[in-house]
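Data first, discussion second: the structure below is written as structure tokens.
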Amino acid sequence: MTLTLQSSASFINFKETKDVKTPDEFLGMVSFAQAKPSCRLVAKSSMQEAQLSHEKIMEVRKIEKREKLHELTANHSNSSTRVPVFVMLPLDTMTMGGKLNRPRAMNASLMALKNSGAEGVMVDAWWGLVEKDGPLKYNWEGYAELVKMCQEHGLKLQVVMSFHQCGGNVGDSCSIPLPPWVLEEISKNPDLVYTDRSGRRNPEYLSLGCDMLPVLKGRTPIQVYTDYMRSFRERFNDYLGNVIVEIQVGMGPCGELRYPAYPESNGTWRFPGIGEFQCYDKYMGASLAAVAKAAGKDDWGQGGPHDSGKYNQFPEDTGFFQRDGTWNSEYGQFFLEWYSGKLLEHGDRILAAGESIYQGTGAKLSGKVAGIHWHYNTRSHAAELTSGYYNTRHRNGYLPIARMLAKHGVVLNFTCMEMRDGEQPQSANCSPEGLVRQVKTAARTAEVELAGENALERYDGGAFSQVLATSMSDSGNGLSAFTFLRMNVQLFEPENWRNLVQFVKSMSEGGRNASLPECDSSRTDLNVRFIKESHSKKATEVAVV
């Protein structure tokens with residue numbers, strides 16, 4: 001299988017920086033003139049607004065913005081907690097040969113980020129690159145160069161143990177498969193990867209069903225992940241706790257603790273589909289059958305729910321997820337407890353290994369949980385259930401996850417911190433704000449540290465203001481850190497850069513000087529690529545119960 005890595009323009013153009021000698025000189029190149037950003041206003045359907053002059057509309061919007069920012073600043077200034085901001089580096093920070101990609105441009109970009117006030121950066125340590133040449137053959141050289149570069153600029157580093165494939169999901173700009181020798185084992189035994197009801201295999205991540213089986217040339221997947229993390233510790237021991245301040249342990253697709261229930265590759269899934277259960281490889285099947293037999297319900301162990309629908313359906317289109325569906329029956333509860341329980345066991349195993357390796361190094365451990373906000377306002381929370389989060393109208397699915405993370409002293413890293421309910425399509429019954437509130441409460445109850453990320457690439461002041469509001473807390477459940485997605489050429493555009501610098505300053509100063517524009521200047525798709533093309537059939541409206 002050929003491994004390909006697509007290049008992306010993710011850095012500052014180095015040709016423009018070749019004569020720069022100091023960080024201050026460089027900052028002058030990216031700290032653009034302080035002209036006020038212009039926001040292209042789109043008139044709403046209101047007849048009254050349509051009759052207002054352009055000047056009056058602008059004045060009204062400015063007053064509204066000042067009032068909102070005043071309220072936000074006043075509230076946040078009550079908290080003296082500083083929230084450090086990290087910036088994710090490009091997915092293709094390393095070449096397929098394991099070297100640092102475009103090091104001179106990277107150096108210039110890191111210089112700019114340091115002068116912006118950012119605490120540091122985050123980078124994926126791709127399993128498919130580091131252990132590419134064979135079992136236990138690790139190449140950390142490109143990462144060593146990056147670590148030294150960060151140290152020179154006084155930046156901290158968050159490193160993700162990325163045991164998943166890059167490619168096929170939202171925001172994936174390059175392709176980095178699993179190591180070739182792992183793909184070889186998968187080709188001989190396709191049940192090593194997650195499988196849906198129709199038999200579709202997903203090569204993003206190894207199935208947790210084989211966690212404890214010696215299926216990778218005599219080692220179990222957990223042993224392989226453990227050896228990988230131990231190798232990283234041995235190679236970078238001198239930097240742990242000072243330069244490398246956090247190790248995020250990948251536990252599934254996109255590095256998140258979840259099943260690959262909504263794969264975008266080949267158009268399999270589109271927002272806001274409910275997704276599908278991923279429990280049809282032989283190892284997951286054997287586990288389900290054993291649990292069902294032990295419960296005296298052999299017929300419940302013959303596969304997942306038969307009426308759970310297809311990837312792109314809505315809850316009400318299915319017998320399982322509809323309002324009074326099978327999800328709330330004795331069988332549904334049995335299956336969902338098993339399905340979500342297997343995911344918790346998987347996370348527990350990997351984090352126990354990470355804890356044993358990095359304990360005492362001074363580096364924090366973190367684990368990422370996905371922000372699955374669509375269909376949140378329905379009873380069944382279908383998209384969360386297929387992903388492995390047993391969260392419904394009657395059950396809190398995030399508290400068990402938070403407690404599992406707390407058991408190992410792991411930071412809960414949660415996404416979709418930038419999203420607002422009003423930006424989402426009504427038919428999808430989304431509530432990213434409600435979801436974030438629930439997760440914050442779960443983190444506080446479990447006494448686990450909470451950090452955040454934005455789910456989509458956004459550079460507008462509205463997104464930054466939402467993160468700023470989310471980071472606030474008067475009750476002990478604010479954010480301990482925030483990682484911004486992501487560094488690329490768009491970030492360094494004048495208006496976007498100003499927004500980032502002001503955001504970093506506001507996060508570090510308890511929300512003061514939060515003068516961020518309230519428009520989406522980047523015209524980002526707010527709904528995970530919702531409405532890529534015109535749909536001939538209107539999505540079914542689902543009643544909010």
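Keep in mind that glycine also has a Cβ here, set from the backbone N, Cα and C atoms.
According to TrEMBL, the features are:
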- Asp124, His164, Asp172, Lys368, His373, Thr415, Asn454, Ala455, Arg486: substrate binding site (BINDING)
- Glu256: active site, proton donor (ACT_SITE)
- Glu453: active site, proton acceptor (ACT_SITE)
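A map of TrEMBL features onto the structure.
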residue : record                       : Cβ neighbours (10 Å)
Asp124  : substrate binding site       : 25
Glu256  : active site, proton donor    : 24
His373  : substrate binding site       : 27
Glu453  : active site, proton acceptor : 22
Asn454  : substrate binding site       : 23
Arg486  : substrate binding site       : 20
For Asn454 (substrate binding site) and the residue listed as 'active site, proton donor', what Cα-Cα distance in Å is obtained after rounding to a whole number? 14
I'm trying to understand the geometry here, so how far is the Cα atom of His373 (substrate binding site) from the Cα atom of Glu453 (active site, proton acceptor), in Å to the nearest whole number? 14
Where Arg486 (substrate binding site) and Glu453 (active site, proton acceptor) are concerned, what is their Cα separation in Å, rounded? 10
The residue listed as 'active site, proton donor' sits from Asp124 (substrate binding site) (Cα to Cα, rounded, in Å) at a distance of 13
Roughly how many Å separate the Cα of the residue listed as 'active site, proton donor' from that of Glu453 (active site, proton acceptor), to the nearest whole number? 12
